[in-house]
Amino acid sequence: MAHPAEPTPLFTPSASMRLWTLHRRTLLTLTVLGGLYGLLVAIPTPPGLSLQGQRVLAVAALAIGLWCTEMLPAGVTGMLVVLLLVLSGGVAGFREALAGFAEPVTYFLMAVLTLGLAVLRSGLAERVARFSLRHCAGRPHALYAHLLLSFPVLTLLLPSATTRTGILIHVYDQALELSQVPRGAPLAKAIMLALNSVNRLASTILLTGGITPVVSAALIGGIAWSRWLVLLSVPYGVLLAIAAGLIYA
């Protein structure tokens, strides 16, 4: 007669140890960030800086620390920032703390994230990823080069680097997943770093690519769209080659 199988314990000693280490690390990080926030609030206000400005800097330092360490979900940290701005006296009330939502850029970023999510959920990201992989024939160097070559072309269609990143990050995440490339692999790191750094260089090659080229052209004066493109093509190509090589190395 077969004996019933022993129930699998929910927490093995090694799993419990890892969980305790994680909790201890989280508690230590939160303690350090909280101590930094308290220190910035408690120190004497530097000359030329208002008390409200000091409180805002303290909240900003805490928010940056929480976002960088990912101790809390990004949304929770965002709501905590609004609450702390009011409670610490950094702003007069919730109306002032939520003033950023009256700016158009907030809704632009929301639209970009929604567009990127739609590309992923609709299956378009996977289709584009499979198309790229067919042309790359399984070669990692070719996939990376394909990404770099797409920047100038997509800049003509989508001048905003933020919009391009919001879409391409899902496409190449699907490509890496279909290729069974681990998230921490050198190729995955190179692609994600290029998307968030070299990709932004492509916007400067167009006069309509962002606020920086528009302001620069206005300060110089007398530069047309086509002339700006010709003048920026060579330095863009050099910077693209250098940055792409350093990232992939």
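Yeah, the Cβs are placed from backbone N, Cα and C, and that goes for glycine too.
As the structure is a computational prediction, the values presented were derived from the model and not from experiment.
If you look up TrEMBL, you'll see 26-44, 56-86, 98-120, 141-158, 201-221, 228-248 marked as transmembrane segment.
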> Do the transmembrane segment (141-158) and the transmembrane segment (98-120) come close, with at least three CB pairs under 8 A (pairs 6 or more apart in sequence)?
Replying inline: no
> Who are the long-range neighbours of the transmembrane segment (56-86) in its own chain, taking Cβ under 8 Å and residues 6 or more past its ends?
Replying inline: 26, 29-30, 33-34, 36-37, 40-41, 49, 93-94, 96-98
